[in-house]
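Below you'll find the structure, written out as structure tokens, and then a few comments.
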Amino acid sequence: MKRDVLSITDLSREEIYELLESAADLKKKRKAGEPTEYLKHKSLGMIFEKSSTRTRVSFEVAMSDFGGHALYLNSRDIQVGRGETIEDTARTLSGYLHGIMARVMSHDTVEKLARFSTIPVINALSDREHPCQILGDFMTIMEYKNRFEGLKFAWIGDGNNVCNSALLGSAIMGMEFVIACPEGYEPGAEFLEKAKALGGKFSITDDPKTAAKDADIIYTDVWVSMGDEAEQEKRLKDFGSFQVNTELLGVAKPDVIVMHCLPARRGLEITDEVMDGPNSVIFEEAENRLHAQKALILKLMR
């Protein structure tokens with residue numbers, strides 16, 4: 001039966017644990033050089049409306065490791081921008097491919113792709129959520145903390161799409177989620193209501209130190225996301241006191257892990273000292289995108 005993952009809430013707690021176990025096994029096999037050609041003769045179409053280093057490379061490598069093929073499709077390669085509907089594109093690609101991964105400007109696009117395709121669709125980033133990132137993040141948290149329940153997850157910065165998925169994912173997995181952001185940059189009410197319905201324990205503050213106090217995880221992201229460039233001057237001013245630096249780490253637990261979905265703007269949302277410091281797990285986190293996405297691809301396309 002066709003299955004799509006457009007939101008982290010499309011997965012249950014049990015399924016997330018299963019995916020993380022599968023990801024750990026796939027990571028171990030890759031390090032050992034063991035063959036994992038589980039998707040021979042299968043093809044994944046990768047639709048990119050937004051460019052990305054990590055997303056493209058990790059999905060292409062994943063399909064290569066599985067003995068399959070990944071096909072890169074940007075706005076110049078498909079006809080959506082020249083009059084063909086998303087619905088017709090979804091139906092057409094379903095006849096060629098075994099799965100679709102989409103990194104899009106609007107969440108409505110990935111929802112339409114899922115609705116009208118007969119093959120699995122993965123949201124690899126939309127303006128609303130980024131479930132693939134959070135699966136990689138959760139794999140990293142599991143490696144370093146070996147649990148979720150009872151951990152304090154401090155989000156420092158913009159209540160953006162990654163924050164939305166982290167908020168919902170934390171609610172599913174039983175972590176306390178504290179968001180520190182300037183007024184007006186909170187996650188949307190819809191996501192806060194969803195987190196509440198999931199039984200999530202969360203709060204919002206405009207004081208980074210309140211959020212970071214006794215935190216097990218400190219997470220940040222760029223202050224100016226792709227598409228927000230027109231607001232750059234205002235955002236840099238508004239987020240000026242929300243930098244993740246050694247002073248902020250000083251109020252967290254000594255073994256706090258620092259995370260960032262990348263790309264980072266060093267010297268803005270995070271300092272070099274923290275990003276390259278002993279508490280940073282940022283590059284392990286980036287690698288784990290590959291393994292977590294491999295587990296997800298396998299679950300949906302095998």
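If you go along the chain as it appears here, the first residue is 1 and each next one adds 1.
In case you wondered, yes, glycine gets a Cβ from its N, Cα and C as well.
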* Site co-member for L-ornithine according to Swiss-Prot, given Asp221, Ser225, Met226, out of Asn161, Asn164, Asn279 -> Asn161
* Select the closest residue to Met226 (L-ornithine binding site) from the following binding-site residues, measuring between CA atoms: Ser52, Arg54, His130. => Ser52
* To do: Measure from the CA atom of Asn161 (L-ornithine binding site) to the CA atom of Arg54 (carbamoyl phosphate binding site) and give the result in Å, rounded to a whole number.
  => 17
* Asked: Looking at the binding-site residues Asn161, Asp221, Ser225, which has the shortest Cα distance to Cys132 (carbamoyl phosphate binding site)?
  -> Asn161
* Structure fact -> DSSP output for Asp221 (L-ornithine binding site) maps to coil
* Structure fact -> Cα nearest Asp221 (L-ornithine binding site) among binding-site residues (Ser52, His130, Cys261, Arg289) -> Cys261
